[in-house]
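S.K.: Annotations per Swiss-Prot:
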type	residues	note
DOMAIN	7-256	domain 'ABC transporter'
BINDING	GLY41, GLU42, SER43, GLY44, CYS45, GLY46, LYS47, SER48	ATP binding site
Amino acid sequence: MEKVLSVQNLHVSFTTYGGTVQAVRGVSFDLYKGETFAIVGESGCGKSVTSQSIMGLLPPYSAKVTDGRILFKNKDLCRLSDKEMRGIRGADISMIFQDPMTALNPTLTVGDQLGEALLRHKKMSKKAARKEVLSMLSLVGIPDPGERLKQYPHQFSGGMRQRIVIAMALICEPDILIADEPTTALDVTIQAQILELFKEIQRKTDVSVILITHDLGVVAQVADRVAVMYAGKMAEIGTRKDIFYQPQHPYTKGLLGSVPRLDLNGAELTPIDGTPPDLFSPPPGCPFAARCPNRMVVCDRVYPGQTIRSDSHTVNCWLQDQRAEHAVLSGDAKD
């Protein structure tokens, strides 16, 4: 498979009045052409910060990439100037944000907002840009695009606004599309339509998608590969089948176990006890150790290396170490 993006040992920190928050700590993954790569995890785990780092949209005065590389077309995005990133952002790498209403300019028509990207990045004439806008609105399922492009965002429903935001992200035919919680603000019926739209667009354009979400139901429908993120680190990466049917990390198992089951009457929810670690002063060992039911002494002291279970499945957990069974049996486990 053709690799289109490589994130290597990414570290991002935020400077606050209370100290330095280590939001992302050593994140690494590759993205391949035409795939949907989902990053899942609870709020504050660093998944959105990772996507903002790729887009070059981190707050300039408080956030900083302190280490690592983001390689795209033989360029390290972390080393590019603002001017160079503006040439890539929107043209080669686009992003869909959570709330379509705040992502659109209420004072400009939909046609003007979609056409602006073509005029800037593709240097098209207004006539050619209008033709492209009509085609894109049709692709994302906007009825009567010739009339709708003259309208303003407030004249569209929430689902239609999200379709317009998707059209805006795809208008310049990017190589990578980052979707940050694209269905959070939508009801279940509209959510299903948008997810089906994602599948259709990917079939037609072969765009690579990074999906940022906490909704495992969404992941199960559209993702090819899944990364489970916790406290700024990758806990487990695998195919959708690996993660849903053969989870190895205790946090991944906890996430799946906490999802309500509609097929089991009266089934109790299984919460994950405890709280995430303080990222002002993260622990030296596994960040999930304090909440882990299989905790060992080594988990508190040293961060586990990556265990490769297959070509598609990697886990960062001491339980994958060959010595783990002996450690538990010898009484190294903590209560």
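Even glycines carry a Cβ here, placed using N, Cα and C.
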S.K.: Just jot down the residues in the same chain as SER43 (ATP binding site), at least 6 apart in sequence, with C-beta under 8 A of its C-beta; none if empty.
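M.R.: In sequence order, HIS214 meet the Cβ cut-off.
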S.K.: Helix, strand or coil: which one is LYS47 (ATP binding site) in, per DSSP?
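M.R.: Looking at the DSSP assignment, LYS47 (ATP binding site) belongs to a helix.
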S.K.: So how many other Cβ atoms are close to GLU42 (ATP binding site), meaning within 10 Å of its Cβ?
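M.R.: Looking across every protein chain shown, the total is 15.
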S.K.: Can you name the residues of this chain that are 6 or more positions from GLY44 (ATP binding site) yet have a C-beta less than 8 Å from its C-beta?
M.R.: PRO276, LEU279
S.K.: 10 Å Cβ neighbour count around LYS47 (ATP binding site)?
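M.R.: Other Cβ atoms within 10 Å of LYS47 (ATP binding site): 28.
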S.K.: Cβ within 8 Å of the ATP site centroid (GLY41, GLU42, SER43, GLY44, CYS45, GLY46, LYS47, SER48 excluded): which residues?
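M.R.: Neighbours found: HIS214, MET229.
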S.K.: Between 0 and 100, where does the mean pLDDT of the domain 'ABC transporter' (7-256) sit?
M.R.: 93
S.K.: Relative to the Cβ of CYS45 (ATP binding site), which residues of the same chain, six or more apart in sequence, are found under 8 Å away?
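M.R.: Result: MET229, TYR230, ALA231, GLY232, PRO276.
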S.K.: Provide the number of Cβ atoms within 10 Å of the Cβ of GLY46 (ATP binding site), excluding the reference atom itself.
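M.R.: Other Cβ atoms found within 10 Å: 25.
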